[in-house]
Amino acid sequence: VIGIVSLMLQIGNIISIWVSHSIQTGNQHQAEPCIQSIITYENNTWVNQTYVNISNTNFLTEKTVASVTLAGNSSLCPISGWAVYSKDNGIRIGSKGDVFVIREPFISCSHLECRTFFLTQGALLNDKHSNGTVKDRSPHRTLMSCPVGEAPSPYNSRFESVAWSASACHDGTNWLTIGISGPDNGAVAVLKYNGIITDTIKSWRNNILRTQESECACVNGSCFTVMTDGPSNGQASYKIFRIEKGKVVKSVELNAPNYHYEECSCYPDAGEITCVCRDNWHGSNRPWVSFNQNLEYQIGYICSGIFGDNPRPNDGTGSCGPVSSNGAYGIKGFSYKYGNGVWIGRTKSTNSRSGFEMIWDPNGWTGTDSNFSVKQDIVAITDWSGYSGSFVQHPELTGLDCIRPCFWVELIRGRPKESTIWTSGSSISFCGVNSDTVGWSWPDGAELPFTIDK
């Protein structure tokens, strides 16, 4: 009898445990990550939903960020100098970490964030596929982006477009990207809006269609860019485009005989667009084009005797047309117009891509002398520099009542100047402020060659 009672008690205990376990597992969800974010888009409004799993209880929190229109109607902020904003140290980190081989980096900001865009070579630093990446145009090049100040790696970067020439900007609602790829005699620009292909532009001169390598400029929901097609050492064709929600709504070919525009750096100012470009044909000063939202334009060259291109002659007497001395070849650069004055960014060296400085010429937009009142060191002449370009921070991002001017500098390393199998670069950036600043040198700082080069 005792044995029968004991057996029944054990069976009852087993049944009790089984029922209890079934009730518990029935109330539990399947295993989930602790935090899961889902971003949806509803009527151009970002809805960021974050699920937080605490003690098997789910709480749903929503943070809604309404889109805005980046007006671009404000004037540039008054500034007295440039404060350092970012430095990614990509080459230094890439000697050991997984960092993309890149060139042509640039920065662009929305009303929420700033991102670094760059053209990869489909390869990582210190890897065999980095060999031969001195080449500008290949089918492996892609436009990608990452948060500003971070080294561009496969783990923090977002694919944007297949491209060996590119531009990007944000209108307050979505990112517009422009990526050019294809053969030299028939390349096509692919326009994407919010990551979706919305339009294309075919090469119209069949001679290396190319664009800014820096941000496009947005005003009142429209974004504007400049493209070039034709010889790099002679008269070419130049068009300005108005783009709305990723679609070209208007374009105008510039009537610009004896002008040469490449790799324009564009920015909005009081509702209009100003672009300062590269003359690769015959000018050691920089050409400019300014236009309104209807693409009614004016053209000229920066008149200052402080020359902005590279190579260039020593400073002297400028011209409001192309300065032909040392005018062939060139480098992407930028300037900011303030009335008759101009902030000029340029390499320190007159004949190599090294050093960088910012110079304020109070009458340099229209005057031909070489007098200046401010010079701020950015990179020492003993360190490599490279391309440079403008980007702005809108009032919707900064909370200011003006458009903040900023710039980035590419710090090129490797071929053709150094004994490596690769060419890549890191970048630094600065923004204009009306408070204390300091001149110094912020070089790339990587020790070459790498293991792959030995």
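A Cβ is built for glycine as well, from the same backbone N, Cα and C atoms used for every other residue.
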Listed in Swiss-Prot for the Ca(2+) site shared with D279, G283, one of D309, D315: D309
Swiss-Prot annotation, disulfide partner among C277, C320 for C303: C320
Swiss-Prot annotation, disulfide partner among C114, C216 for C169: C216
Selected from C402, C406, C431: Swiss-Prot disulphide partner of C77: C402
Which of C264, C266, C303, the listed disulfide-bonded residues, has fewest other Cβ atoms within 10 Å: C303
Cβ-centroid neighbours of Ca(2+) site D279, G283, D309, 8 Å, sequence order: H260, R278, N280, W281, H282, S284, N285, R286, P287, Y301, G308, P322, V323, G327, G330
Nearest of the recorded positions (C277, R278, C303) to D309 (Ca(2+) binding site) - Cα to Cα: R278
Rounded Cα separation (Å) that holds between C109 (disulfide bond) and C169 (disulfide bond): 7
PLDDT averaged over every residue in the region 'Hypervariable stalk region' (21-75): 52
For C266 (disulfide bond), the one of C218, N220, C402, C431 that lies nearest, given that the recorded positions are compared by Cα: C218
Which of D136, E262, E263, D279, D309, the listed recorded positions, has fewest other Cβ atoms within 10 Å: D136
